[in-house]
Amino acid sequence: MVDWDVYLVTQASLSAGRTTDEIVAEAIESGVGVVQLREKNRTARERYELGQKLRELTREADVTFVVNDRIDLAQAIDADGVHLGDDDLPVSVARDILGDDAVIGRSVSTVEDAREAATAGADYLGVGAVFATGSKDDIDDEEYAVGTDRVAAIAEAVDIPFVGIGGITAGNATAVVDAGADGVAVITEITKADDPAAAAEALHSAVEQGR
């Protein structure tokens, strides 16, 4: 059973000198249920080596571990699954490669895309950006934020779990879950925090308040 409450996406460029595995280790002690290895600016070798460390940490803590985009890397480090975007292989192809037990996620921003991904066999969705975010260069603007109304519409449209992502903080996570999300996915809120464990705990509490 996957714990969707707080989902951490890694991004070392925001970590202010701390290692990603240090941040992840602290965060999973305080309520993070899913970790996604992202690190788009790292080489394949660097991601592989980091992924091995994160796989060990997450396995010991019984935390779900997925890899962004790279199905081959997910296989190489024995991740639980993969998270796919618009430019990645289709969900059905990932399923054929990784098998029925793999956890396969899909990023979506519209009701139509959410329905399509669910029909294709995605296990969960990442919906957003819910709010404006600075962690992705192309969506650092309010016009790209889908808002909690879109979250509510997607909750009505699909029966698979989904997390809201994009600009999520402990201050707005409750509203995202109240709108119908099963949890929240974050990069900055935990990665840039002085105390990642406390940040994860605050997010977990906010999610619980939204139920």
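Yeah, the Cβs are placed from backbone N, Cα and C, and that goes for glycine too.
What Swiss-Prot records for this protein:
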- Gln36, Leu37, Arg38, Glu39, Lys40, Asn68, Ser107, Lys136: 4-amino-2-methyl-5-(diphosphooxymethyl)pyrimidine binding site (BINDING)
- Asp69, Asp88: Mg(2+) binding site (BINDING)
Checklist entry - Asp88 (Mg(2+) binding site) to Arg38 (4-amino-2-methyl-5-(diphosphooxymethyl)pyrimidine binding site): how many Å between their Cα atoms? => result 14
Checklist entry - Where Ser107 (4-amino-2-methyl-5-(diphosphooxymethyl)pyrimidine binding site) and Asp69 (Mg(2+) binding site) are concerned, what is their Cα separation in Å, rounded? => result 11
Next on the checklist: For each of Arg38, Lys40, count the other CB atoms within 10 A of its CB; which of these binding-site residues has the top count?
Outcome noted: Arg38
Next on the checklist: Taking every protein chain in this structure into account, which of the binding-site residues Gln36, Asn68 has the most other Cβ atoms within 10 Å of its Cβ?
Outcome noted: Gln36
Checklist entry - Measuring Cα to Cα, how many angstrom lie between Lys40 (4-amino-2-methyl-5-(diphosphooxymethyl)pyrimidine binding site) and Asp69 (Mg(2+) binding site)? => result 9
Checklist entry - So, in DSSP terms, is Lys40 (4-amino-2-methyl-5-(diphosphooxymethyl)pyrimidine binding site) helix, strand, or coil? => result coil
